[in-house]
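Marked as ATP binding site by TrEMBL: Lys69, Gly76, Arg77, Gly78, Glu137. According to TrEMBL, the Mg(2+) binding site annotation covers Asn229, Asp243. Sequence annotations record features per position, and here TrEMBL assigns substrate binding site to Asn294, Gly351, Ile352, Met353. If you look up TrEMBL, you'll see 31-263 marked as domain 'ATP-grasp'.
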Amino acid sequence: MNILRAATRVRSSNPYGRQARFLHLHEYQSQELMRGYGIRVPRGTAVTTKEEALAAAKSLGDGTDIVVKAQVLAGGRGLGTFENGFKSGVHLCYDAKTAADIASKMFGQNLVTKQTGAGGKLCSKVLVTERMYMRREMYLGILYDRESQGPTIIASREGGSSIEDIAASNPNAIKNIPVNIAEGITPEVADAVAEAMGFHGNSKKQCAEQVKKLYQLFIEKDATLVEINPMIETPQGEVVCIDAKINFDDNADFRQPDIFAMRDTTQEDPREVRAAEAGLNYIGLDGNIGCLVNGAGLAMATMDIIKLHGGNPANFLDVGGGATDKQVTEAFTILNDDPKVQAILVNIFGGIMRCDVIAQGIITAAKTIQLRVPLVVRLQGNKVDEAKKLIFDSGLRIIAADDLDEAGKKAVKLAEIVQIANTVDVNVSFKLPL
Ligand code: GDP
Ligand code: MN
């Protein structure tokens, strides 16, 4: 795997983008987990109030320098800015009172970083840790690699800045060291990693030990990414992990109940949290046409058609083959409650899923929620005639389309009309029944 691709792979397992399907823990939670594996992390406490911050800073001991770190699920916090204008989510300071003052400027504020998008992420917790002195900052990432068909370790003797930046400015600093999953991490591999990070002598031994333990955590906890940036070397030659980002495979939730119990849904897209609770495959996007489709392939095709006609999908939503009435209603509610959505396109191919079940879901949904946007429906396949009859008999005004192209065109046009109506403040009502 070449280094640029490796760097991109690290980022593509990034949970901050909406597409990712991995659990991501806060730094303080990751630290706790790492402590349990004997991995060296700074002492510290996560707090939610100014008073707690003061107590936590004092408990580090007199004369200890302090780091105050915003706990949001995004990297690049050091270079971020809070919505109140306060700069940086990572502050070094020298006394407990200052630490508490800094923490109080972070609580309740959104921190905007390179990875959060313009809205930022809410900071409800702050980690107060001891400051480490460092001679060098290094980078370590453990993730899965398609090419070597197993785990791989990305090690760099430069760290601190993002792996993409290092890959661009000094690709030679980065080494990619695959691990044979059957053998596990051998002393040779651990040594090679420590060497790639530029360690010598006793620190090299220490680093190799840390790498072994991090790998053990990666495997045992079903992680998809363990990223330590930076791992540091102190002037005394000690090796410490001072930042950690760990992602976990969502499919492993049943094997890792303790890890998944730590999920912080307040940091996730609320539309996705709600959809996940209803058992729907939903990914939020930035467009204005809500899509409700069965089958992932058809969902993709529907999004393509919308794009082709100049529109933008607001989401990917696959209701699956066995969706119930209730799930369809919930799906509608999520689309209808999304303020960005200006038209809804339903595209169902009745194979396993029966069109009449979907139609019943649409009718129930339209009657129970105040559907505020126009609705275009294209149904084909199993029980389509029954479905059409149900819709017709319901008296609801639903724009029907027989083929997908036509349905896509109609949805795009209607969304445009609603958009224009909203801009000029004309009261166009699409409430159902009309
Ligand atoms: P990130 O910006 O979200 O990646 O947060 P980090 O935890 O990596 O902190 C950002 C940067 O602050 C690090 O890369 C370090 O350069 C610096 N930093 C964080 N903690 C310490 C510390 O204990 N001592 C020193 N000297 N620098 C630190
Ligand atoms: Mn970092």
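Here the Cβ of each residue, glycine as well, is placed from N, Cα and C on the backbone.
Please treat TrEMBL annotations as automatic predictions, because they have not gone through curation.
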Other residues near the ATP site, CB within 8 A of the CB centroid of Lys69, Gly76, Arg77, Gly78, Glu137? Gly75, Leu79, Gly89, Val90, Asp243
Report the binding-site residues (Lys69, Glu137, Asn229, Asp243, Asn294, Gly351) that meet this criterion: Cβ distance to the nearest atom of ligand 2 under 6 Å. Use sequence order and write none if nothing qualifies. Asn229, Asp243
Contacting binding-site residues for ligand 1, chosen from Gly76, Arg77, Gly78, Asp243, Gly351, Ile352 when the Cβ sits under 6 angstroms of any of its atoms: Gly76, Arg77, Gly78, Asp243
So of Glu137, Asp243, which of the binding-site residues has the fewest other Cβ atoms within 10 Å around its own Cβ? Glu137
Please give me the CB contact count at 10 A for Asn294 (substrate binding site), counting all chains in the structure. 25
Other residues near the substrate site, CB within 8 A of the CB centroid of Asn294, Gly351, Ile352, Met353? Gly295, Gly320, Gly321, Ile348, Phe349, Gly350, Arg354, Gly381, Asn382
Which of Ile352, Met353 (the binding-site residues) has the most other Cβ atoms within 10 Å? Met353
For the domain 'ATP-grasp' (31-263), what is the mean per-residue pLDDT, to the nearest integer? 96
Fewest Cβ neighbours within 10 Å, where candidates are the binding-site residues Lys69, Arg77: Arg77
Among Lys69, Gly76, Arg77, Gly78, Glu137, listed as contacts of ATP, what is the widest Cα spread in Å, to the nearest whole number? 18
Helix, strand or coil at Gly78 (ATP binding site), per DSSP? helix
